[in-house]
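As structure tokens, the structure follows; a few thoughts come after it.
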Amino acid sequence: MSNVKKVVLAYSGGLDTSAIVPWLKENYGCEVVAFVADVGQGAEELEGVEEKAKASGASECHVVDLKDEFVKNYVYPTLKTGAIYEGTYLLGTAMARPIIAKAQVEVARKVGADALSHGCTGKGNDQVRFESCYAALAPDLQVIAPWREWELSSRESLLGYLAERNIPCSASATKIYSRDANAWHISHEGGELEDPWCEPTEKVWTMTASPEQAPDKPEYLCVTVENGEIVAVNNQALSPFECLSVLNDVAAKHGVGRVDIVENRLVGMKSRGCYETPGGTVMMAALQAIDELVLDKVSRSWKTQLSEQFAQLLYDGRWFTPLQQSVMAAAQSLCATASGEVVLKLYKGSVTAVQKRSPHSLYSEDFATFGADEVYNQAHAEGFIRLFSLPSRIAALQKQQKG
């Protein structure tokens with residue numbers, strides 16, 4: 001093992017990272033400092049985490065509140081790009097990794113650590129995301145990934161490892177779901193979900209109401225958008241984190257934001273995930289409604305390309321890269337006119353933009369009307385159609401001439 005004196009571990013208080021603390025001490029002979037990122041996963045997840053870390057053998061535990069920064073500097077910029085991975089996934093886990101890695105590096109610098117560690121498995125995307133961020137922010141620090149080194153390969157073996165060392169752990173050996181939560185979403189993987197023929201039961205979902213059990217009466221919300229950012233809900237000005245929290249509560253009550261997908265992982269395999277993103281689903285619907293009004297056809301096409309590019313780079317862990325800065329700058333320029341108000345209808349799992357307006361709207365009722373108008377000469381369409389269809393006309397004529 002390399003000569004490591006002090007390592008900062010991205011610690012959650014779960015089974016894996018509880019076992020990693022003593023494993024690092026035993027195998028590297030180093031001091032272990034636990035770092036916990038509060039990205040809005042909830043008080044229940046954070047309760048007693050410092051005591052757990054020290055009981056596992058950590059010399060210190062730093063709990064860093066990142067909730068506001070996460071939503072303001074990571075969620076909101078991503079929303080401006082319209083990024084949705086493979087057309088469905090709103091990237092909740094991927095969005096949180098850069099800020100967690102950044103804060104972990106900051107703690108490492110603060111305590112004088114010479115290494116970083118995480119509890120990501122060797123099969124998943126997160127190992128790549130974390131370590132790509134480490135490489136960009138702290139190339140001088142060694143990275144230790146226990147799941148790629150140790151021989152512990154199951155929940156049972158991890159529990160046994162902790163029991164042998166008299167380290168308390170509340171986890172059980174029962175096969176349960178792997179979950180990841182933050183202010184934006186919660187993900188569910190594993191268990192019977194690994195069979196894509198198995199429909200998720202209600203015990204899977206923890207954040208949203210069942211659409212069937214949601215209120216029988218729809219609820220309407222008015223969202224205010226300024227330059228691609230949601231700044232108010234029902235005319236009440238709120239911070240980004242507050243906007244998301246309010247929308248999470250309301251949308252979750254109506255069963256909005258559930259998706260069940262099989263996605264292509266960065267490491268080459270497919271995986272199935274169930275995601276709950278209630279407030280984020282409402283936010284995305286509102287911003288898309290504004291884009292419909294203010295972006296011309298070519299700009300919307302360009303925005304679609306940017307959205308796909310940003311979704312891929314974010315999913316792949318390329319936040320701290322020139323590519324991210326370039327795509328973000330392009331998306332930001334398209335948001336210059338993305339301001340207005342959207343009324344959304346929430347009802348039994350669905351969210352629909354039913355009213356929208358913008359001072360920069362390119363929609364003109366005078367031009368679009370099916371009734372009589374004085375601004376559009378329909379005869380002008382004939383010349384346009386002849387030019388637009390000219391390539392098809394030439395090809396057809398040549399085909400006729402060749403017999």
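Placement of Cβ uses the backbone N, Cα and C atoms for every residue, glycine included.
Feature annotations, reproduced from Swiss-Prot:
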BINDING   ALA10, TYR11, SER12, GLY13, GLY14, LEU15, ASP16, THR17, SER18, ALA37, GLY119  ATP binding site
BINDING   TYR89, ASN125, ARG129, SER178, SER187, GLU263, TYR275  L-citrulline binding site
BINDING   THR121, ASN125, ASP126  L-aspartate binding site
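Features as recorded by Swiss-Prot, highlighted on the structure.
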residue : record                    : contacts (Cβ under 8 Å, 6+ apart)
ALA10   : ATP binding site          : THR17, PHE35, ALA37, ILE100, ALA101, GLN104, LEU116, SER117, HIS118, GLY119, PHE130
TYR89   : L-citrulline binding site : VAL259, ILE261, GLU263, GLY273, TYR275, TYR315
THR121  : L-aspartate binding site  : GLN127, TRP147
ASN125  : L-citrulline binding site : THR93, ALA94, ARG265, LEU266, VAL267, TYR315, ASP316, GLY317
ASP126  : L-aspartate binding site  : THR93, ARG97, HIS118, CYS120
ARG129  : L-citrulline binding site : ALA94, ARG97, PRO98, ALA101, ASP316, GLY317
SER187  : L-citrulline binding site : GLY92, THR93, ARG179, ASP180, ALA181, GLY273, CYS274, TYR275, GLU276
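Scoring each of the binding-site residues (SER12, SER178) by how many neighbouring Cβ atoms lie within 10 Å, the top position goes to SER12. Least packed by the Cβ count within 10 Å, out of the binding-site residues ASP16, GLU263, is GLU263. The local packing around TYR275 (L-citrulline binding site), expressed as other Cβ atoms within 10 Å of its Cβ over all shown chains, amounts to 27. The separation of GLY14 (ATP binding site) from SER178 (L-citrulline binding site), Cα to Cα, is 10 Å. Cβ-based crowding with a 10 Å cutoff singles out GLY119 as the top-ranked of the binding-site residues GLY14, GLY119. For the L-citrulline site listed in the record, the two most distant Cα atoms among TYR89, ASN125, ARG129, SER178, SER187, GLU263, TYR275 lie 19 Å apart.
For the recorded site, TYR89 (L-citrulline binding site), the DSSP three-state label reads strand. Neighbour density for SER18 (ATP binding site): within 10 A of its CB lie 29 other CB atoms from the protein chains shown.
In the three-state DSSP scheme, SER12 (ATP binding site) is classed as coil. Across the annotated binding residues for ATP (ALA10, TYR11, SER12, GLY13, GLY14, LEU15, ASP16, THR17, SER18, ALA37, GLY119), the two most widely spaced Cα atoms sit 17 Å apart.
Apart from the site residues THR121, ASN125, ASP126, the chain places the Cβ of CYS120, LYS123, GLY124, GLN127, VAL128, ARG129, VAL267 no farther than 8 Å from the centroid of the site's Cβ atoms, the recorded L-aspartate location.
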